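Per TrEMBL, these features apply:
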- 6-31: transmembrane segment (TRANSMEM)
- 83-102: transmembrane segment (TRANSMEM)
- 122-141: transmembrane segment (TRANSMEM)
- 161-180: transmembrane segment (TRANSMEM)
Amino acid sequence: MVATCLHLAGFICSFIGWIGVIVATSTNDWVVTCGYTITTCRKMDELGSKGLWADCVMATGLYHCKPLVDILILPGYVQACRALMIAASVLGLPAIFLLITVLPCIRMGHEPGAAKYRRSQLGGILIILLAMCGVVATIWFPVCAHRETTIMSFGYSLYTGWIGSALCLFGGCVIVCCSGDAQTFGENRFYYASGSSSPTHAKSAHV
């Protein structure tokens with residue numbers, strides 16, 4: 001029962017984290033930059049927002065974005081972070097599907113617990129790979145962006161990526177390490193006593 005609860009908790013964390021990674025991938029508020037000195041930018045009330053897909057300018061009553069469509073002139077770190085975040089988002093699809101099929105409330109005929117256990121382990125490993133791609137991209141991007149311009153602060157997209165990657169890493173580790181063994185995976189056993197003078201009978205229920 002404990003292993004089932006841990007597996008369910010790992011799945012929920014992984015799913016929420018995957019959604020966070022997708023949000024971080026699709027939005028552009030990764031870092032807030034300043035083209036001048038910080039004091040000058042504050043006086044001019046003009047800041048920049050840099051992401052994977054566009055560079056934006058934020059000023060009073062103005063928010064203008066320039067899409068980064070020319071791949072040939074993009075910095076290498078932007079292209080690499082794009083690839084990592086896209087890979088993380090795509091890896092989540094088979095991982096979440098595998099984990100859904102092994103949830104306690106899902107039954108696929110008379111499938112043995114060992115088969116569900118293997119799918120659970122594969123899904124957990126994919127979630128961990130997803131998390132590692134997200135962690136590398138969300139750390140690499142601000143470090144390299146700081147070398148090009150002055151970073152004022154981190155944007156909500158970067159925080160979302162960090163939180164999503166952390167949840168996926170935690171959930172994946174829980175799924176891989178705390179799901180029990182292959183023989184008893186997906187089983188709950190309830191024991192009932194028929195009386196004080198009669199022997200105890202065991203009843204198994206597959207969830």
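Placement of Cβ uses the backbone N, Cα and C atoms for every residue, glycine included.
Tertiary proximity for the transmembrane segment (122-141) is limited to same-chain residues at least six positions away from its ends with a CB under 8 Å from its CB atoms, namely 10, 14, 17-18, 21, 24, 30-31, 52, 77-78, 80-81, 84-85, 87-88, 91-92, 94-99, 102, 158, 161-162, 164-166, 168-169, 171-176, 179.
Residues 49-54, 56, 65, 85-86, 88-89, 92, 95-96, 99-100, 102-104, 120, 124, 127, 130-131, 134, 138, 141-142, 145-146, 151, 153-158, 160-161, 163-175, 178-180 of the same chain lie 6+ residues outside the transmembrane segment (6-31) yet bring a C-beta within less than 8 angstroms of a C-beta in it.
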